[in-house]
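Record features, source Swiss-Prot:
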type	residues	note
ACT_SITE	LYS198	active site
BINDING	ASP43, GLY44, GLU45, ARG102, GLN103	ATP binding site
BINDING	HIS136	Mg(2+) 1 binding site
BINDING	ASP175	Mg(2+) 2 binding site
BINDING	ARG200, ASP224, ASP228, THR229, ALA230, GLY231, THR232	D-ribose 5-phosphate binding site
Amino acid sequence: MSTQYLNSNLKVFSLNSNKELAEQIAKHIGVGLGKCSVDRFSDGEVQINIEESIRGCDVFIIQSTSFPVNEHIMELLIMIDALKRASAKTINIVIPYYGYARQDRKARSREPITSKLVANLLETAGATRVITLDLHAPQIQGFFDIPIDHLMGVPILSDYFETKGLKDIVIVSPDHGGVTRARKMADRLKAPIAIIDKRRPRPNVSEVMNIIGNIEGKTAILIDDIIDTAGTITLAANALVENGASEVYACCTHPVLSGPAIERIQNSNIKELVVTNSIVLPEEKKIDKVHELSVAPLIGEAIIRVYEEESVSVLFN
């Protein structure tokens, strides 16, 4: 662990969503986590106390806005306000998993664009920069009028599969929206791609239709940004096997894994599901099929580069 930032104006704080990841990030940077307490009043209101001076400091807050989403967003907003009033030089919010990202447009009449609302709230509270990972909709970057560094999980996932030495692989996108992501992994692994043509009649319900591309006799690797109820990914895995794939792996950056997800994965044709620790994975969800990778080195390096005013774009590759 480097120690060059121990006595610097770089401060890293963690709220309640993912303290283990925050500790790993701080260790990579070479600092301890900042001292703060996040409590609740008897009526449930959030109470935050910053227990050290941060005047003139460049502060980075680690907080995924995962379940419970609204609790974690309020913690983040209140922390930003506290830092602003305590005269922090910059307030950089590190959101490994950006909640509400799937509400990025009006899909039906009279629907809100909640991801834009969240961006407005964060800016109004006083955030000066955002660092995030694999936004569900990349255009969310345009919802902010402050700098945003959008990191990618594909290199981490690709490197893992490269070490496995799998033969005759094909990278599969479970829907048309994920083709760009699948192509990036395919380029890194020098593999062809295939696409699942999927129809979704209502939220959290999906129906696999057709497979575009050659998967017969190949080792298929499904890649997605988020796996929520796992309906899409398990139906895709079953369709791949039915159409001749020899075995199926799956991976994602954000393992939401809500509702019946774990049961579906356990009973599916997926040989291994590779995820990152952008969201805390409870012990009951750590089944043998699930393998977790850490994004701490990636995020830690991004924080160092932002603090040192160096280019972050090198990390996108």
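Cβ coordinates come from backbone N, Cα and C, glycine included.
The model shown is predicted, which means the values in this text are computed figures rather than measured ones.
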Let me make sure I understand the structure: which of the binding-site residues listed (ASP175, ASP224) has the fewest other Cβ atoms within 10 A of its Cβ? ASP175
Should any of the binding-site residues GLY44, GLN103, THR232 have a Cα within 10 Å of the Cα of the residue listed as 'active site', which are they? THR232
Within its own chain, what residues at least 6 apart in sequence put their Cβ under 8 Å from the Cβ of GLN103 (ATP binding site), listed in sequence order? GLU111, PRO112, ILE113, THR114, SER115
Neighbour count check, CB within 10 A, over binding-site residues GLY44, GLY231; minimum at GLY44
Determine, from DSSP, whether THR232 (D-ribose 5-phosphate binding site) sits in helix, strand or coil. helix
Hey, of the binding-site residues listed (THR229, THR232), which one tops the CB count within 10 A? THR232
Whole-number Å value for how far THR232 (D-ribose 5-phosphate binding site) lies from ASP175 (Mg(2+) 2 binding site) (Cα to Cα): 9
Taking all protein chains shown into account, the Cβ-based neighbour count within 10 Å for HIS136 (Mg(2+) 1 binding site) is 20
